[in-house]
Amino acid sequence: MPTEANTYDPQRIESTAQHYWDSTHAFEVNEHSNKPKYYCLSMLPYPSGALHMGHVRNYTIGDVISRYKRMTGHNVLQPMGWDAFGLPAENAAIKNKVAPAQWTYKNIERMRTQLKSLGYAINWSREFATCQPDYYVHEQHMFTRLMRKGLAYRRNALVNWDPVDQTVLANEQVIDGRGWRSGAPVEKREIPQWFLRITDYAQELLDGLNTLDDWPEPVKTMQRNWIGRSEGLEIRFEVRDVDNNALEALRVFTTRPDTLFGVTFVSIAPEHPLALHAAKSNPGLAGLLTQMKQGGLSEAELKTQEKRGMDTGLKAIHPITNEQLPVWVANFVLMAYGTGAVMAVPGHDQRDQEFANKYGLPIRQVIALKEPKNQDESTWEPDVWRDWYADKTREFELINSAEFDGLDYQGAFEVLAERFERQGRGQRRVNYRLRDWGVSRQRYWGCPIPVIYCPTCGAVPVPENQLPVILPENVAFSGTGSPIKTDPEWRKTTCPECGGPAERETDTFDTFMESSWYYARYTSPNAREMLDKRANYWLPVDQYIGGIEHAILHLMYFRFYHKLMRDARLVDSDEPAINLLTQGMVIAETFYRKNPDGSKDWINPADVNVECDERGRITGATLISDGQPVLIGATEKMSKSKNNGVDPQIMVTKYGADTVRLFSMFAAPPEQSLEWNETGVEGMARFLRRLWTQVHHHASHGPATALDITALDTAQKAIRCKTHNTIARVEDDYGRRRSFNTAIAAVMELSNTLARFDDTTTQSHAVRQEALETMVLLLNPITPHTSHALWQTLGHPETLLEDLPFPKVDTTALVRETAILAVQINGKLRGTIEVATDAPREHIENNALTEPNTARFLEGLTVLKIIIVPGKIVNIVAR
């Protein structure tokens, strides 16, 4: 009859292990170790109030790596903190009528408890929240330093403005051109904002990607494209008004000066000074510019919006032909990119062509294939030239370009560059798509920007001895503006330079500021300065883990801020992380019912009964509450919008933390999407119960004697061989391949093999002991609670398994004295034989021919020849 001790009870097992880890401060580390350091970090969470399965997968991956590295002799740091500022707290404050700070700290308490219930090997003594003044004071100090160096500056920039709520909206708060809360049409408004000169580091950020050998190529490609280095010419176009008066010249950057003779108009942004000048005398244009101020600023909206424009009446003078080209305002030209002006070549640019077709503007072909394959390719048409451009192997030449006809791209580039530079009409330029980082946010729940505005002295950085500028937390928050803007006691101050009356900046930092350097603060969380010498012990991060959706913004700013800290002599390294792992999404089935208006009510999978075919595919579904059918949607990323999330806490309560951890590592490789499947979770629970039973059954037969590897029989040697083969596979899977699913599969194979092993002798018992100890240690990084308990069941004192060495391969155990060969007749498997690895051919042939099942199939046949693949197959050819 099973006793409490030998029954697999996850809650009891996990509580015991976690108490031991907490009481012994098992995962607190310092820099005074003779072991090599290893810093493993998963991206810090936003304290939304509840962990989701994406969190569980992310942090379990990090925990597996951390525990494995500690077992391989490393001094491992795995910290945790909270990315605590941000818009969701403001939205929750409006909805729940609580201060953002109160909501945030309550959520942190809940999520910390959830993380601890999963048994992560986190050094909690280094924990912080980015909304704490003793964290953001250093961020403010860094900003004032950047101001003095000229790397932080203020200029006007466009924002999304809600005229009803009187507030700035983030791009994601603009829905179909309207404010998410008020429903009012959103306006584009220019207001002063603070920027960091990330463009000063553009080339270094680009070059640094070549040193990141252990970052995924897709991430590096996305960053290269975002930085967007391009070489071209900046060309000067003289401009004249309707009365032929000269105006300020237009500067246009182009990577394709070879298309210059194809320019039929020039496009400028609605905010361009020339557009504003022309609108003064053109009411129709002024009205259009006002309309263009409405709508969001996101790239997605700008790409999908209808292309609109108007002729300003101004003329740009072609720098070679002197042709007067109309200057058009176009809503797809952005003032923030390049010079806010584009030379339009509708003959060889799809966007320009769509605009030209809409407004009846000329289209000219100025590039042709040197060697067209057929008549169709000789005839210029939009679809044809798009095909040309797609085929990078084809050669082109200029046509309809006066004396430049016949030149290829490079030839035309060099000739035109030399000509324009000589005439003072242009110059070679390297341009970057990357723009300076706008760090101002017109929101309350963020780090205050440490600047004072004085009528006499202008913008003055807050002196170091007056930092931090603390954000008041006990405020009434309505959502119609920031409380600190209307708090005169907080806002009004004195100028640190002249002593006169002044006001504080009421904008707060973009929350990417906090998440751009948090990893460094973990290394010295109690330092008086931003960082101390401990930072150079731990940095760079050895393993960073997070979703690929962070490839552009967070990971770019993460790299940029590290270089700022390096240049401030706070860190020695050039890059913040050596290895980056981007885990896949957690996806799940979706279910819904249609409403009369065509909308969908999404139903959580936990509320649905499903029917499956023999392959496990869902064929039908009904709602548990009423038994009526529901529709089956696609398998999609777990999200609130599709109501297909699974609460990790429910799973931990039902199955135990180790089962949840085991499934999240077994269901898919880390970089691939993981499809949540509770049937799979149940399978992992069965495996852990089976392992628990295996160990307890073995232990019930008493302690094992010492293993004598010189006195083993064939079966015992086979088990040892399987055990040490498993060690080799799992070590490679954990260490080099990061393939945790195959590591688990290897241990499962060993468990199944061991279940068929008959250990009636003391040596067999010792062989089984070694195999079980090996399985417990191999699984420890993934199922640490279960391993903690089973290690004691196997006769060892309670200890921290991470301080035990990871199992080592005994290469002598891998040498097999016998081999099992498949026996085939005419290519079909008919039996197996076991022979000595050095058996002569005649012995192998005789054993194969006399194997009972093989002999039965050979009756009445004549053996023509026997083919032996050493160590694998015996194929008998007969007829």
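Using N, Cα and C of the backbone, Cβ positions are placed for all residues, glycine too.
Swiss-Prot lists motif ''HIGH' region' for one of the ranges 45-55, 617-627, 826-836, namely 45-55. The stretch that Swiss-Prot tags with motif ''KMSKS' region', taken from the ranges 497-501, 637-641, 782-786, is 637-641. When Cβ atoms from all protein chains are considered, those within 10 Å of LYS640 (ATP binding site) total 10, not counting its own. Confidence annotation: the motif ''KMSKS' region' (637-641) carries a mean pLDDT of 90 in the model. The DSSP secondary structure for LYS640 (ATP binding site) is coil. Sorting the motif ''HIGH' region' (45-55) by DSSP state (H, G, I as helix; E, B as strand; all else coil) yields 3 helix, 0 strand, 8 coil.
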